Amino acid sequence: MTQLQRAREGTVTDAMERVAEREQVDPEFVRQQVADGRAVIPANVEHDRLDPMIIGREFATKVNANIGNSETDSGVEEELEKLHAAVHYGADTVMDLSTGGDLDRIRTANVEHSPVPLGTVPIYEAVKRAESVADITHELLLDVVEKQAAQGVDYQTIHAGILMEHLPLTDGRKTGIVSRGGSILAQWMEENGMQNPLYAKFEDICEIFAEYDVTFSLGDGLRPGCLADAGDDAQFAELETLGELTSIAHDHGVQVMVEGPGHVPMDQISGQVERQQEVCDGAPFYVLGPLVTDVAPGYDHITSAIGATEAARAGAAMLCYVTPKEHLGLPDAEDVRDGLAAYRIAAHAADVANGREGARDWDDALSEARYDFDWRRQFDLALDPERARSYHDQTLPGDNYKEARFCSMCGAEFCSMRIDQDVRESRRDSRSSQTKSDPPRDADGEMSEIAEETDVEASAAAEVNRPPVGTHEVDGAPLEDVDLDREYPPADD
Ligand code: SF4
């Protein structure tokens, strides 16, 4: 049975218990959210190493990292390194978008070693196995979907929402269809004169997903690829279909999240999130960015993290990261790190803005360490401790500078926090010499509040909100025990 079916019958599963512990909420609340289809726990019954997590707007905002190779680059070892980097730098889920090489070896290796849910896009493998896109059959598609489910993939992007009748709506677009899956299915429909096979066979896919508890990630094949195309008829026609498919999947007891755009001007983002939530009956929204401007290739982890923050603030449950290489090339491990940092900032900023319980404790603890010149604690609390430490040490490497009341940015003489501390100290001294018994008072005669230190370890912040986020320790670090020379037998085909 799926997590959704168990939740509906009133059972709190082990996965729900674990999720409740990580989020520091009542397990019954987790069960109810899953039962209502407002949250998903992607947890294929064949994924042994998984540490369960939850995606839903009532929980901490999650971040997905895409990894995967292309025809021109990367094998199993490189993909495992990317998986390691993604988990190490805080990905809550990872999607394997590989389109080249031995796809089965890469996928099974990833499932075997990933403590976080793994997602795939089965249409990519179907393209590889067919002579041409037009030759993809219904049977081949179902075969790929079922094989990947049996291999332990936790969620699959299924572009079932793009229909024949939607295609003319893209004619006036500036950038047409930019989703890889969307463009493949559009080609298939044009060449065969038939309806989208993933739509036609959607109930068969539901049955496969129900058997393995694979979660749908309903793909947005018609997402806008530029600001000019955002919110057009094609995008919203597909969204209506995604709403219908959400309902059908729920009827089969299958968990669903829905993918979203893309490229969207800042002022349209919250409206788009609200519309998805309404059309898809509260199913978690999983957004790619969105990018809020098209003018910054090379910096699209930033343009998209701005949009992602706004989307999460408005109710998106998971953010798919974008790396600096977006639109330009295949990301390497350093790009994965930069993309994840940008998106973990976006997710956390939204959680703070949304008042998620305990989220800001992390900020407060770091600020206190900063004001105390407790450099080591500041590094430990940093979102990317290694980078924070290395930037500091580039100019002040000596151990003695870990006690210093300044850094190289302003220098000792102009360090404003040092100056402020000295001013406060002398104010305190002068007050205590005037009236030793009176506590300090402000201009209105009220007693000044003395800030209490934040104990971030004891705060109500979810585990996912606390440093070191992303270590996801389960039976040892994710890839430390990986034998990169190991041969992976081809999966049954
Ligand atoms: S020198 Fe400037 S940047 Fe560095 S700790 Fe002091 S106030 Fe902050």
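Glycine residues also receive a Cβ, built from the backbone N, Cα and C atoms like all the rest.
Not measured: the values here are computed from a predicted model.
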Original post:
Out of M1, M16, M95, M409, which does TrEMBL tie to the same substrate site as N66, Y124, H159, S179, R180, G181, D220, G221, L222, R223, E259, Y286?
Top reply: M95
Original post:
Which chain neighbours of the [4Fe-4S] cluster site, leaving out C407, C410, C415, have a Cβ atom within 8 Å of the mean position of the site's Cβ atoms?
Top reply: F406, S408, M409, G411, A412, F414, S416, M417, R418
Subject >> Protein Cβ atoms within 10 Å of C410 ([4Fe-4S] cluster binding site), excluding its own >> reply: 13
Original post:
How far is it from R223 (substrate binding site) to C407 ([4Fe-4S] cluster binding site), counting Cα to Cα, in Å?
Top reply: 46
Subject >> Entries of N66, G181, Y286, C410, C415 (binding-site residues) sitting next to ligand 1, with Cβ under 6 Å as the cut-off >> reply: C410, C415
Subject >> Between G181 (substrate binding site) and C415 ([4Fe-4S] cluster binding site), the C-alpha gap once rounded to whole angstrom >> reply: 53
Original post:
Which one of these binding-site residues, Y124, Y286, has the sparsest Cβ neighbourhood, judged by other Cβ atoms within 10 angstroms?
Top reply: Y124
**OP:** For C407 ([4Fe-4S] cluster binding site), identify the closest of the binding-site residues N66, Y124, G221, judging by Cα separation.
**Re:** N66
Original post:
Tell me, how many other CB atoms lie within 10 A of the CB of G221 (substrate binding site), whichever protein chain they belong to?
Top reply: 30
